[in-house]
Amino acid sequence: MESKQQSNGEMKENKVVKKKVNWSGSLVVASLTGAFGSSFLYGYNLSVVNAPATYIKKFYNETWERRYGFSVDEGTLTLLWSITVSIFAIGGFVGAIIVTPIVKFFGRKCTLLLNNVFAVTAALLMSLSLLAGSFEMLILGRVIMGVDAGISLSALPMYLSEISPKEIRGSLGQVTAIFICIGVFTGQVLGLPEIFGQESRWPYLFGAIIVPSLIQVMILPFLPESPRYLLLEKHNTSKAEKAFQTFLGKDDVSQEVEDVLAESRVQRNTKLVSILQLLRTRAARWQIITVVVTMGCYQLCGLNAIWYYTNSIFSEAGINHETIPYVTLSTGAVETVAAVLSGLVIERLGRRLLLIGGFGLMVVFFAVLTVSLTLQKTVHWLPYLSIFCILAIIASFCIGPGGIPFVLTGEFFQQSQRPAAFMIAGTVNWLSNFAVGLLFPFIQGGLQTYCFLVFAAICFAGATYLFFVLPETKNKTFHEISQAFAKRNKVTLEMQEMNHHAGERKSSAEQESNFTSAMDNGETKKAIV
């Protein structure tokens, strides 16, 4: 009995030690730095156009009048403003398309670093647009900033999923969502009238983009590349080992290397697959459909409409004009707290419960918001219920749908499929983002208070699909997740393995022999075929 208790005590102690090792300083710094210069800027650019909207429209009108001698009509001004807001997503779509060859050639970390060129260029164009008297510079800057976001929202989750142990992969993956929320909140804070939310200062809101980019450029070069990328795609065993040692904070990383090699034996071939090849892969069919559904719902559920047009929504709800910036600030604070909470509980509750529960709660609060906005003129306290519903929708979104789609895209696919998968996810993400940003003002104008029922229907459809299709992925290896989809894809495990190779098979003994030989000789050899 004593030896049993002692053994159990040792096992618990080992688990505690393991958790401490997993959260190494380098792992934390890499995730925070990567997110600050990437997903933070995405969130910031979602909200930064909201506060100065009135001043920017005035700038558009004055520029138009100076050029053509007459004021721009209301319809054209609305269209110009909608384009300014939504064209960010067109840039994101371009970034999502070009990210695959970039991460393949430069690697995950270097892609994040090079991406700062787009951010700095965009910041200069947008911040100097007022001085130059050119609204085209602002629009062009939004496009380029979108390219930055499109690249970073694929490269960052890819990097984080590949440097983190499976035990904390979900929590680390939520860093992307947390920093999106922090970016949104920061954009709202800097947009207050006391800071940059004034007619003469709004260009500084866009110039501030340079700061996170410079911080990332100063820190990220001192951290390793993704060890999985180094081992599976660059076949550089020594660098991969060093990267594992740095991120895990321990010298013996043989188990981690073996886990990656085990995945490679299933794939048999680490050559990156194209989007067309991935779409034709029967063993990945339902993974692709699920990613498309989750990413589509992520954008079409209505959250970006709230970020883009928060001020106008609160104005419709009857909130005093002077109070709106401070009420808007509460939305960013709620989003940040909810995202952090999600990161803390995701490894306990799992992805499935948080994702389905988040969409389900959004359906309820969208319905209540519709009733509240419709009847607000009849009852004096209903505008406050509208504010509560908006905050509740934001919190529900951030608990699950806000970050988990990025985590799932990194978890569903093998190493060779991952860049193509992120490209598909990014394409759906940005096209949906563009549609919401461009069409919401017209939907709001046509349906009035009933416009949010459209988003409620989308959330309901997404939750229903995920309830029947999505398996739980927490604490599972990439191969185990593929196995979970095998039955739905109507393939046997043997067929799944065959789908991951196109060349000759090699026995496990041959692969082990090759890898051991590479280790003994201290050379970078092609140990993975």
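Cβ coordinates come from backbone N, Cα and C, glycine included.
Among the features that TrEMBL reports, transmembrane segment is placed at 21-42 (among others).
According to TrEMBL, the domain 'Major facilitator superfamily (MFS) profile' annotation covers 31-474. Averaged over the domain 'Major facilitator superfamily (MFS) profile' (31-474), the predicted model has a pLDDT of 86.
Here TrEMBL flags 79-100 (among others) as transmembrane segment.
Sequence-distant contacts of the transmembrane segment (112-133), counting only residues of its own chain at least 6 positions beyond either end whose CB sits under 8 Å from a CB of the stretch, comprise 34, 37-38, 41, 59, 63, 66, 95, 102, 106, 140-142, 144-145, 147-148, 151-152, 155-156, 159, 202-204, 206-210, 212-214, 216-217, 220-221. Among the features that TrEMBL reports, transmembrane segment is placed at 112-133 (among others).
Under the heading transmembrane segment, TrEMBL lists 139-160 (among others).
The annotation transmembrane segment is assigned in TrEMBL to 172-190 (among others). Cβ atoms under 8 Å from those of the transmembrane segment (172-190) belong to residues 27, 31-32, 35-36, 38-48, 50-51, 153, 156-157, 160-161, 163-164, 196-197, 204-205, 208, 307, 325, 328-329, 331-333, 335-336, 338-340, 342-343, 346, 398, 402-404, 406-407, 410 of the same chain, restricted to positions at least 6 beyond its ends.
According to TrEMBL, the feature transmembrane segment maps to 202-223 (among others).
As annotated by TrEMBL, transmembrane segment applies to 288-309 (among others).
Summarising the annotation, TrEMBL assigns transmembrane segment to 324-346 (among others).
According to TrEMBL, the transmembrane segment annotation covers 353-375 (among others).
According to TrEMBL, the transmembrane segment annotation covers 381-408 (among others). Proximity of distant same-chain residues to the transmembrane segment (381-408), defined by a Cβ-Cβ separation under 8 Å and at least 6 residues beyond the stretch ends, is recorded for 153, 157, 161, 169-170, 173-174, 176-178, 180-181, 290-291, 294-295, 297-298, 301-303, 306, 313-314, 317-319, 327, 330-331, 334-339, 341-343, 346, 351, 353-359, 361-362, 365-366, 368-369, 372-373, 375, 425, 462, 473.
What TrEMBL lists as transmembrane segment is 420-441 (among others).
What TrEMBL records for 447-470 (among others) is transmembrane segment.
Residues or ranges marked as compositional bias 'Basic and acidic residues' in TrEMBL: 499-509.
Look at TrEMBL and you will find 499-529 tagged as region 'Disordered'.
Taken from TrEMBL, the feature compositional bias 'Polar residues' applies to 510-519.
Residues 47, 50-51, 170-171, 174-175, 177-178, 180-182, 184-189, 191-193, 197, 306, 310-311, 314-315, 354, 387, 390-391, 394-400, 402-404, 407, 474 of the same chain sit 6 or more residues outside the transmembrane segment (324-346) yet have a Cβ under 8 Å from a Cβ within it. Comparing 139-160, 202-223, 447-470 for CB pairs under 8 angstroms to the transmembrane segment (79-100), the maximum falls on 139-160. Residues 286, 289-290, 293-294, 296-297, 300-302, 305, 316, 351-352, 355-356, 359-360, 362-363, 366-367, 369-370, 373-374, 401, 440, 488 of the same chain, all 6+ positions outside the transmembrane segment (447-470), place their C-beta atoms under 8 angstroms from a C-beta of that stretch.
Counted over residue pairs separated by six or more positions, the transmembrane segment (21-42) shares fewer than 3 Cβ pairs under 8 angstroms with the transmembrane segment (353-375), which leaves the two as not touching.
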